[in-house]
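Chemist: Copying in the features that Swiss-Prot gives for the protein in this structure:
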- Cys108-Cys135: disulfide bond (DISULFID)
- Cys121-Cys147: disulfide bond (DISULFID)
- Asn40: N-linked glycosylation site (CARBOHYD)
- Asn204: N-linked glycosylation site (CARBOHYD)
- Asn228: N-linked glycosylation site (CARBOHYD)
- Asn238: N-linked glycosylation site (CARBOHYD)
- Asn257: N-linked glycosylation site (CARBOHYD)
- Asn268: N-linked glycosylation site (CARBOHYD)
- 1-32: signal peptide (SIGNAL)
Amino acid sequence: MGVTGILQLPRDRFKRTSFFLWVIILFQRTFSIPLGVIHNSTLQVNDVDKLVCRDKLSSTNQLRSVGLNLEGNGVATDVPSATKRWGFRSGVPPKVVNYEAGEWAENCYNLEIKKPDGSECLPAAPDGIRGFPRCRYVHKVSGTGPCAGDFAFHKEGAFFLYDRLASTVIYRGTTFAEGVVAFLILPQAKKDFFSSHPLREPVNATEDPSSGYYSTTIRYQATGFGTNETEYLFEVDNLTYVQLESRFTPQFLLQLNETIYTSGKRSNTTGKLIWKVNPEIDTTIGEWAFWETKKTSLEKFAVKSCLSQLYQTEPKTSVVRVRRELLPTQGPTQQLKTTKSWLQKIPLQWFKCTVKEGKLQCRI
């Protein structure tokens, strides 16, 4: 996984851990949980010894749970790549935990998969589980597959993040982002640390600019979902499709969709029309603001906790998230009043592109 933590608790150590560590490990035995302290609006790794081993953690009110999206670590987010990280399995009960705050996601997913006999592959979402509330692009995949198992799990042990709830399984027709859940340790209990309240409008009703962000749904058709021979089609309309490739970015697909409409390339019969993109066409168009906001730096650091000698003997490589400062002439998209923390909205800016002589020409 992309997130490397600083503390691991093997199964045979469970009975000897304190209540604090037991709370941390609730999330999953195999996880490495990053621990940190908020100082001056940044997430910094701090000496766990100062808080735990010297009894400075006075109550669980000093813990704040956050959802961290995998895409911030640079994992491939295109549909063919992302779906390979998920797999069906039986005999393992699903688990759900809550988290208090999260990031804005660039890519989310929504699955409606059926078996060849027409039965559903994925369970319906339990009461109270709603879709991830902040997605720039929602990749909605419909189709069929063998679905050899009761539930779809994450092969790398990550969670599927929903609206302030994280589950180990995928629910039918419910938008999710891939991620992990981690605790932040505050120097002292702060009631107003996360002061902003999430908006409650559904993801598909955000075209009003006053809502503060845009969400676009991109639709796909899948056959053989969950197998090595899965085929994906990008849906332009119910009769016009494009063969999907991993190199296609969401921005390229939207540009391609507009090009097919404006150039009259849609199916004009009752039959299905499937296009294939010329391999020479540049598909690397993307939103620079997203990756600027998600910049990460790799640093070496050693755990100095009194527990470190039990569980870790050498420094680990960890991902430290750094918030990008806007230039004085720049401003973020309209947003709700919030604390000055590293959990911020993604300033959305995008390219405008035209197709001339078979080549994409883009400008900001």
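Cβ coordinates are placed from backbone N, Cα and C, and glycine is handled just like the others.
Context for these features, please: burial, neighbours, distances.
Modeler: There are 25 other CB atoms within 10 A of the CB of Cys135 (disulfide bond), with all protein chains counted.
Its Cβ taken as reference, Cys121 (disulfide bond) is surrounded by 24 other Cβ atoms within 10 Å in the chains shown. Look at Cys121 (disulfide bond): DSSP puts it in coil.
Sequence-distant contacts of Asn228 (N-linked glycosylation site), defined as residues of its own chain at least six apart whose C-beta falls under 8 angstroms from its C-beta, are absent.
For the recorded site, Asn238 (N-linked glycosylation site), the DSSP three-state label reads coil.
All chains included, 18 other C-beta atoms sit within 10 angstroms of the C-beta of Asn257 (N-linked glycosylation site).
Within the same chain, no residue at least 6 positions away from Asn268 (N-linked glycosylation site) has a Cβ under 8 Å from its Cβ.
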Chemist: Of the recorded positions Cys108, Cys135, Asn238, Asn257, which sits closest to Cys121 (disulfide bond) by Cα distance?
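Modeler: For Cys121 (disulfide bond), the spatially nearest of the recorded positions is Cys108.
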Chemist: Enumerate same-chain residues with a sequence separation of six or more from Cys147 (disulfide bond) and a Cβ-Cβ distance below 8 A; give 'none' if the list is empty.
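Modeler: Those within reach of Cys147 (disulfide bond), by Cβ under 8 Å and sequence separation of 6 or more, are Phe88, Ile113, Lys115, Cys121, Leu122, Phe225, Gly226.
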Chemist: Among the recorded positions listed here (Cys108, Cys135, Asn238), which has the Cα closest to the Cα of Asn257 (N-linked glycosylation site)?
Modeler: Asn238
Chemist: Among the recorded positions Cys108, Asn238, whose Cβ has the fewest other Cβ atoms within 10 Å?
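Modeler: Sparsest of the recorded positions Cys108, Asn238 by Cβ contacts within 10 Å: Asn238.
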Chemist: Measuring Cα to Cα, how many Å separate Cys108 (disulfide bond) from Asn238 (N-linked glycosylation site)?
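Modeler: On Cα coordinates alone, these residues lie 22 Å apart.
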